[in-house]
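Visitor: Dropping a structure here in structure tokens format, bear with me for questions.
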Amino acid sequence: MSLHMITVNNNASLIQPGFSLMNFDGQVFFFGQKGWPKRSCPTGVFLFDVKRNQLKLKPASFSKDSCYLPPLRYPATCTYQSSLESEKVQYIIHGGKTPNNELSDKIYIMSAICKNNKKVTFRCTEKELVGDVPEARYGHTIDVVYSRGKSRCVIFGGRSYMPSAQRTTEKWNSVIDCSPYVFLMDFEFGCCTSYTFPELQDGLSFHVSIARNDTIYILGGHCLTNNSRPPSLYRLKVDLPLGSPAVSCTVLPGGVSISSAILTKTKNNEFVIVGGYQLENQKRMVCNIVTIEDNKIEIQDMETPDWTPDIKHSKLWFGSSMGNGTVFLGIPGDNKQTMSDAHYFYILKCDGDDPIAEEQATFSCSQTSAEDPGDSTPFEDSEEFCFSAEINSFDGDDDIDTYNEDDEEDESETGYWIICCPTCDVDINTWVPFYSTELNKPAMIYCSHGDGHWVHAQCMNLAEQLLIRLSEGSSKYFCNEHVEMARGLQTPKKTLPLKRTPLKPLRKKAPVKIITPAKKSFFRKLFD
């Protein structure tokens, strides 16, 4: 195994925990950016171009008949082929979080339809589900099984928000384990059926799943109910006769206590498990090799790569499989970096034969994201929701990066995630609703001091009734920091009376002499 550090040349801030990587015929694409797509890249999908330890994210395009695909984080993804003999590979995307922290229950099919001049055009379609539709969730897995010439999708695990009737102000965005149901979906008709098994008592999230032919193996996972990572190993077998499907569940020995691990395939029947957590904020530095043969699974420890000191000392890590035995890893940067959300990135290449030439009979997927710390990371909310750019707006020189990071709003100044005062205690990583009126954002009040600025209502210790009253009226409000100054502004200061320049006195007019008729007759005779 070899580990190399890489440099992201552009748009590094888009790579956050919860993203997914998709491999289409050797080309890797990035999906699941932090916020809503901007005007310069309306699709939110980027070519993951790595050359000489340099990474560039180049915007991808979709066909005009595609549905809109929101930037989902922590979704379940897997590859899909109509049959084992088919060469056309598609990706299935289910669930995940939107930038508004809402959970999706939709299922999308993403395929590459055109590859021209190093440009790939995708088509995305939404599949309607009927029957026992799985609730909106994230941190789960989706796999495809093949039996008797037919295929089915299997969805299991994950987390969802607490039902609305059980929510309180303090626990408005609290998440719970999904019920331990196994959902079997007929992908052709979109019919979904749920199954329960006594062996599955907990709804595990951030587990690892491996699908081979008609069998799925589920390893590890995290249970919120008792905050545990049981060393579980389950085998789900799906038989697809002419009648109803037959699904069975078996508990196997030799499981692994792990969550949020990254799974990558190195051979036709061989996989490598990298990363993950074994305890809260304690990384699992051991790598495992998984071999599947004749409905038997074997998990063994393998030689670990030479982890760098930064990776060893970091409490968090996240990443995704690039396919072909390659893993992309990220860890938080140090405080010396100028950007608060900057990360260090590495590429780990696992040993194995030429995976490109291997048969595509085995499909695998795993929820490959930082778990609990990443789960509570709120998404940036964009005031701009625009996807009006034309499909060909990115055509041209392949080396020109048309995505301009300067187009992103600077939420440190204009958004909700700001330090509003010296005692501000609203943390982007741990914020939960404080008032019943809040859902996805902390309430803010505009302070009228000077040019004005925004402050969090929670930091100002505002009672909810006062907050509502201030939001309804147009009265001025002053934060705790400026309230003393504002008192002086509210009470007019005493000012000296203005000095008035006295007006100049009017000149007296000479009295008007009245000429009587006798005098008029005298003057008339005088001049005659």
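Even glycines carry a Cβ here, placed using N, Cα and C.
Below, the features straight out of TrEMBL:
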DOMAIN    415-492  domain 'Recombination activating protein 2 PHD'
BINDING   Cys420, Cys424, Cys447, His453, His456, Cys459, Cys479, His482  Zn(2+) binding site
Visitor: So which other residues, same chain and not among Cys420, Cys424, Cys447, His453, His456, Cys459, Cys479, His482, have a Cβ within 8 Å of the centroid of the Cβ atoms at the Zn(2+) site?
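Guide: Close Cβ neighbours, site residues excluded: Cys421, Ile445, Trp454, Val455, Met460, Asn480, Glu481.
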Visitor: Pick out which of the binding-site residues His453, His456, His482 has the most other Cβ atoms within 10 Å of its own Cβ.
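Guide: Sorting the candidates by Cβ neighbours within 10 Å, the top entry is His456.
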Visitor: Which residue, out of the binding-site residues Cys424, Cys447, Cys459, Cys479, shows the minimum number of other Cβ atoms inside 10 Å of its Cβ in this structure?
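Guide: Per-residue Cβ counts within 10 Å for the binding-site residues Cys424, Cys447, Cys459, Cys479 bottom out at Cys424.
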Visitor: My understanding is the cutoff is Cβ-Cβ under 8 Å with a sequence separation of 6 or more in the same chain; which residues meet that for Cys420 (Zn(2+) binding site)?
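Guide: When sequence neighbours closer than 6 are ignored, Cys420 (Zn(2+) binding site) has Val426, Met444, His453, Trp454, Val455, His456, Cys459, Cys479 within Cβ distance under 8 Å.
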